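Undergrad: Have a look at the structure that comes next, please.
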């Protein structure tokens, strides 16, 4: 006759008491998670109630997983007491739509030559598609986000620009630089507890009936200065700034504005607009700007809430005491 009360060793469904090794493993796992949370405490204190401008673009915009992770990061910042502002571009999506419509697209010196016909497509893609998609993803977690175009309420004003190649200036059409910012519309959304999602379009100062295609990195920097942001974060398609590309060992984790200004002319053309935006933001009074790899899910949370951070940070001074005061690392 079988035993009515088999021992734990005989009962395959019994878990029994954990072994010492299992207890230690569990304790270590809990300690790692708790350590990560505690590490974020000083940065939660530093950034609570402060405004942070995040430029969203690159490959992160065309990956379903990365779009979802980005929305989660923005919502996390919001509920952590930070006031996030999203500024977005949309180069790949604009190129795809122009191709689909059979509209010729040309780049000169890294800028898209933008005809009136192409500008209509730029506006349609940025405000009618990308902005709405970002807002929708954020609002899956609550009625938080609101889309704003740089054309709305005088947010941006732009001025047409050309580009000099081999000593010759070339016209770029409806392409411009942001020359002034009125942040009232963005601040009103922030004060109402919302997350502004800003499209990088600006009315032409010389012809307000016409709008210009402006660089989203530069627009984000100008807005960060105007709203008194504590930090500018630019998502890129690389791990950060390399002092000697393609030497991957030359990744720069921290650089002062004067050092960056000296290094700027030697950088790869694709990095110049992003690093110029960081430089402009810091020189305009933003304590810190950073470029991070947007291809890494939740890289923004690692940058904001860990001591080491990720990517490259730019600050005003090389003084380590200034780094300690302004860094989120």
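Note: Cβ is positioned from N, Cα and C throughout, glycine not excepted.
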Undergrad: Pick the one from 68, 112, 194 that TrEMBL also lists for the substrate site with 90, 91, 213.
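TA: Of 68, 112, 194, 112 joins 90, 91, 213 in the substrate site that TrEMBL records.
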Undergrad: Around the substrate site formed by 90, 91, 112, 213, which additional residues qualify by having Cβ within 8 Å of the site's Cβ center?
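TA: The answer, listed by sequence position, is 89, 94, 95, 114, 122, 126.
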Undergrad: Measure from the CA atom of residue 213 (substrate binding site) to the CA atom of residue 55 (site 'Transition state stabilizer') and give the result in Å, rounded to a whole number.
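TA: Cα-Cα distance, residue 55 (site 'Transition state stabilizer') to residue 213 (substrate binding site): 16 Å.
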Undergrad: Using a Cβ cut-off under 8 Å and a sequence separation of 6 or more, which residues in the same chain sit near residue 213 (substrate binding site)?
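TA: Result: 112, 114, 118, 119, 122, 174, 175, 176, 200, 201.
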Undergrad: If you measure every Cα to Cα pair among 90, 91, 112, 213, the residues listed for substrate, what is the largest value in Å?
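TA: The span, Cα to Cα at its widest, is 12 Å.
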